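J.: When I checked Swiss-Prot for this same protein, it listed these features:
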type	residues	note
BINDING	ASN223, ASN224	mRNA binding site
BINDING	LYS227, CYS251, ASP273, ASP319, GLN349, TYR354	S-adenosyl-L-methionine binding site
COMPBIAS	19-40	compositional bias 'Basic and acidic residues'
COMPBIAS	68-77	compositional bias 'Polar residues'
COMPBIAS	90-99	compositional bias 'Basic and acidic residues'
COMPBIAS	100-112	compositional bias 'Polar residues'
DOMAIN	214-522	domain 'mRNA cap 0 methyltransferase'
REGION	1-155	region 'Disordered'
SITE	LYS254	site 'mRNA cap binding'
SITE	LYS260	site 'mRNA cap binding'
SITE	ARG285	site 'mRNA cap binding'
SITE	HIS353	site 'mRNA cap binding'
SITE	GLU446	site 'mRNA cap binding'
SITE	TYR514	site 'mRNA cap binding'
Amino acid sequence: MSDKEAGVASSLGSNSPINKDEVDVKNTEEHSKQESKSDINKPPLKKIKADDGIDISDSFSRRENKGNNKVISSVYNDENKKTPAWMKSKTTDKYDKYGSRSTPIATPTAPVNNPDERYSKYMTNSVNSNDRVRRPPTETTSSQYDKKRAHDEAEDDVVAPYSNLAVANPSSNLYQTFQSHINNREGKDINSIVRSHYNQRTQQSKFQGSRTKSPIYKLRNFNNAIKYILLGNWVKPNPDSNRPTVILDLCCGKGGDLNKCEFVSVDQYIGIDISDASIKEAFSRYSRNKARFIPQTAESKKERDTRRYNFEACFATGDCFSSSIPEILEPNFPGIIDGLFPVDCVSLQFAMHYAFETEEKVHQLLTNVTKSLRAGGTLIGTIPSSDFIRDKIVNRAFIDQENRKFGNDLYSVTFHKDPPDEGVFRPPFGNGYNYSLKDAIDDVPEYVVPFEVFRGLCEEYGLVLKYKKNFIDIFNQEIPKYFSKLNKNLIEGMKRSDGKYGAEGLEKEAVGFYIGFVFEKLGN
């Protein structure tokens, strides 16, 4: 005990215990009095002004900042330290089969046109992008721009549907055929036009009325039957029974082929399309009809409910003619390339004619296809027939000679420039025309696909032709085998005026415009 504490204790009496709190309080009061006395004798503090030339930056910090503090090293900032094993990525080589992968670097937030080096093998460098066929932009002065701006800023993709018409009522017997509204077509590239067109089509289709009232109802059923036949004959299950059967649907649209994928009993579906509205509709369609329990064993798969989708599905928005498959899928579905690729089938329905705008796009598409397919896997597609187009040109079967247009009341093809008299297009890329199909496609630019050129390019990518026929021949030869397998409503929707089934009249010429094809990837 200190002398001071002893003195306090004695003043309280020898029998009184020392109260520590009381001692502390008294000591504190005494110390405060001494400080107040010393403060009186101190000179007043001098006020520091900004213009006194004194550095006061350190005065605002509570920490001692003498500039000689030792920096603690860390594995995050010491280059001499080795990265611990737990921090190393296990997937640094996950895209080696698609191409070399360099260390990612910081990129500016503004979009740039430089290709991602990680997917160099997925990209095609053989064609100069400056050679791309572009639509010449219209010359617009600043004053004209100001006048047009308010109108053009109305987004093409969200044109108001037929909500003000009686046809918006589901009980109405009226039907409104589809019409697109795309601003400034001449100043837009094909991607923008196609995206806007199909976004509008997706939105307006909800308000058109019953599809059975469509002027191309029978034609749609016919085309669907062709796709059932092609997929039914050529989707081959994975030879490894432990692997799922996977189909990659490029340019999948609104998911119109989901029923066909259930028909061929796939286990996994991957859909990609350039139209975000179409992708949303495809996902919605899948979600509404997905089976509650997905069969996982061979026995349960035999008892799958074909009225529901007994397969898993994922959807992504992307341009498979300009971007690699990993670039489109991996950001939204990490690990999907390792988990589901290579796939058993790539489906490309009514879309490849958009790629033939440039050779670069075709090479990118075929790179995506061959890198995605397993050996023995198939590429199944439908495209306009270059033979059909050539015959129309050679026979001068134009309904409008001046405008270079052929077709009928259901469909039409209008060339951008005079086609060659012999119907053979050289060079084979960028030979454009505008295609219209009543209630489906409204004057959208497409490009001639010279099939032998396409076939030669496929062979360069290890894809060999297995099947090629026009729609009429496919139907006549294959429909007897599928007549009892297809949905009754689909079959009845193809009934002709003579009681038989198939296409007739204007519809027959419109469906004759297309062919179906199948390529198989070579390899062991």
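Even glycines carry a Cβ here, placed using N, Cα and C.
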J.: Please report the DSSP secondary structure of LYS227 (S-adenosyl-L-methionine binding site), reduced to three states.
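T.: For LYS227 (S-adenosyl-L-methionine binding site) - judged by DSSP and reduced to three states - the answer is helix.
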J.: Taking DSSP three-state, what's TYR354 (S-adenosyl-L-methionine binding site) in: helix, strand or coil?
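T.: Helix, per DSSP.
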J.: Using DSSP and three states only, what is CYS251 (S-adenosyl-L-methionine binding site)?
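T.: CYS251 (S-adenosyl-L-methionine binding site) sits in coil per DSSP, no helix or strand.
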J.: Go through the recorded positions ASN223, ASN224, LYS254, TYR514 and tell me which ones have a CA within 10 A of the CA of ASP273 (S-adenosyl-L-methionine binding site).
T.: LYS254
J.: Tell me, which recorded positions from CYS251, LYS254, LYS260, ASP319, GLU446, TYR514 are within 10 Å of ASN224 (mRNA binding site) if we use the C-alpha atoms?
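T.: Those close enough are LYS260.
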J.: Highest CB neighbour count within 10 A among the recorded positions ASP273, ASP319, GLU446?
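T.: Sorting the candidates by Cβ neighbours within 10 Å, the top entry is ASP273.
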J.: Three states by DSSP: which one describes ASP319 (S-adenosyl-L-methionine binding site)?
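T.: In the DSSP reduction, ASP319 (S-adenosyl-L-methionine binding site) maps to coil.
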J.: Given the binding-site residues ASN223, LYS227, ASP319, GLN349, which lie within 10 A of GLU446 (site 'mRNA cap binding') by CA-CA distance?
T.: none
J.: For LYS254 (site 'mRNA cap binding'), identify the closest of the recorded positions LYS227, ARG285, ASP319, TYR354, judging by Cα separation.
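T.: The smallest Cα gap between LYS254 (site 'mRNA cap binding') and any of the recorded positions is with ARG285.
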J.: Could you give the Cα-Cα distance between CYS251 (S-adenosyl-L-methionine binding site) and HIS353 (site 'mRNA cap binding'), in whole Å?
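T.: About 11 Å separate the Cα atoms of these two residues.
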J.: Once the DSSP letters are reduced so that anything not helix or strand counts as coil, what is ASP273 (S-adenosyl-L-methionine binding site)?
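T.: ASP273 (S-adenosyl-L-methionine binding site) sits in a strand per DSSP.
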J.: Sequence gap of 6 or more, C-beta under 8 Å: which same-chain residues meet both conditions with respect to TYR514 (site 'mRNA cap binding')?
T.: ASN223, ILE226, PHE350, THR382, ILE383, PRO384, SER385, ASN470, PHE471
